[in-house]
Amino acid sequence: MSARMLMNGVWAALILLVLCECMMLEAQLQVGFYSSSCSMAEFIVKQEVAKAFIKDIGVAAGLVRMHFHDCFVRGCDGSVLIDSTPSNTAEKDSPANNPSLRGFEVIDSAKARLESVCQGVVSCADIVAFAARDSVEITRGFGYAVPAGRRDGRISLASETRNLPSPAFNVDQLTQNFKNMGLTQEEMVTLSGAHTIGRSHCGSFSSRLYSFNSTTSQDPSLDPGYAAQLKQQCPQGSTDTSLGVPMNPASPAITDVGYYTDILANRGLFTSDQTLLTNPATVIQVIQNARSSLLWKSKFAFAMVKMGQIGILTSTAGEIRANCRVINS
């Protein structure tokens, strides 16, 4: 047996394992949950994602990130969608989400269409999960079955976004943060690959360029040529909050392993990206992912399904919001 055939067999076995584990995770939720109650639900969401993507390819990354930010705060309950009120600052208006989180109008459009055909049936939390999957798929990642049946939460607090990992986290902080959510270190490395699409505001990494620590202004782990490029795009002292750069300059709208090859070239944009080379176990995972797009995309699909199970509300818990921005009265 040739080495290539042997490796293909290994990848096939790993993919089969991933698929089997995905099926096991569906205990509380169900693939095809709306097949009887609202059969067009997933198709409608997919249509709205596609329409938005044609107008702005960056929205796909926003919707993937939205799902992540929803699940890491109070679980995958759609709480990230709730608007602030005079008496409460909601998650979406915390510094961790505003102004960087985007794609809310896509969820609104999908919800409006669904309410017109299946009133009070499809939860906002499930729409977010479907939209994230569709965004991965439309950017050439692997599509995957989304177990559904989540219900919507009624609480959204900006103060609770502290549960989100910071772009300044080191590998130990990242590992613990994901562990707190029931995710392994390998799943942390796998999900970090979502940074292969989208853009980042300069403020999320400018400290690596201009004020790294008391002895050096520029992060020595950052490739000097890349740092010079970033400084041109993000001038020191700029007050323009709209300035940003692609997370993966070579293919910012394609779900591929460019993120991992960038890290190996010391071109990870965030500290939380480049730190994956400071731990022997995560280094191995970065190298493996960089070498096999098939392997990483398979693991990413599984990890997205698992992440989508965090802190879910089912049965009679929570509600089905009529408007994703407002809790039912």
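Cβ coordinates are placed from backbone N, Cα and C, and glycine is handled just like the others.
Note that TrEMBL annotation is computational and uncurated.
Residues or ranges marked as active site, proton acceptor by TrEMBL: His69.
Take the CB of Ser79 (Ca(2+) 1 binding site) and look out to 10 A: across all protein chains shown you find 28 other CB atoms. As annotated by TrEMBL, Ca(2+) 1 binding site applies to Asp70, Val73, Gly75, Asp77, Ser79, Glu91.
For Pro165, the entry in TrEMBL reads substrate binding site. In sequence order, Phe72, Gln173, Leu174, Asn177, Phe178, Ser272 make up the list of same-chain residues 6 or more apart from Pro165 (substrate binding site) whose Cβ falls under 8 Å from its Cβ.
Take the CB of His195 (heme b binding site) and look out to 10 A: across all protein chains shown you find 24 other CB atoms. Annotated heme b binding site per TrEMBL: His195, in sequence order.
Per TrEMBL, the feature Ca(2+) 2 binding site maps to Thr196, Asp256. Note: Asp256 (Ca(2+) 2 binding site) has non-local neighbours Arg140, Thr196, Asn248, Ser293, i.e. same-chain residues 6+ apart with C-beta under 8 A of its own C-beta.
Around the Cβ of Cys38 (disulfide bond), the number of neighbouring Cβ atoms within 10 Å comes to 17. For Cys38-Cys118 (among others), the entry in TrEMBL reads disulfide bond.
Marked as disulfide bond by TrEMBL: Cys71-Cys76 (among others).
Sequence annotations record features per position, and here TrEMBL assigns disulfide bond to Cys124-Cys324 (among others).
Counting Cβ atoms from all protein chains shown, Cys234 (disulfide bond) has 21 others lying within 10 Å of its own Cβ. Under the heading disulfide bond, TrEMBL lists Cys202-Cys234 (among others).
TrEMBL lists 28-328 with the feature domain 'Plant heme peroxidase family profile'.
What TrEMBL lists as signal peptide is 1-27.
In this view, Arg65 (site 'Transition state stabilizer') is surrounded by 22 other Cβ atoms within 10 Å of its Cβ, with every protein chain counted. The annotation site 'Transition state stabilizer' is assigned in TrEMBL to Arg65.
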Subject >> Spatial neighbours of Asp70 (Ca(2+) 1 binding site) among the disulfide-bonded residues Cys38, Cys76, Cys202 [C-alpha, 10 Å] >> reply: Cys76
Subject >> Whole-number Å value for how far Cys71 (disulfide bond) lies from Asp77 (Ca(2+) 1 binding site) (Cα to Cα) >> reply: 7
Original post:
Across the domain 'Plant heme peroxidase family profile' (28-328), what does the pLDDT come to on average, as a whole number?
Top reply: 97
Subject >> Residues flanking the Ca(2+) 1 site, with Cβ no more than 8 Å from the Cβ centroid of Asp70, Val73, Gly75, Asp77, Ser79, Glu91 and excluding those residues themselves >> reply: His69, Cys71, Phe72, Arg74, Cys76, Gly78, Val80, Gly153, Ser156, Gly311
**OP:** Anything within 10 Å of Ser79 (Ca(2+) 1 binding site)? Look among the disulfide-bonded residues Cys71, Cys202, Cys324, comparing CA atoms, and list what you find.
**Re:** Cys71, Cys324
**OP:** Consider the recorded positions His69, Cys71, Val73, Cys76 and say which one has the Cα lying nearest the Cα of Cys202 (disulfide bond).
**Re:** His69
**OP:** To the nearest whole angstrom, state the Cα distance for the pair Glu91 (Ca(2+) 1 binding site) and Cys38 (disulfide bond).
**Re:** 29
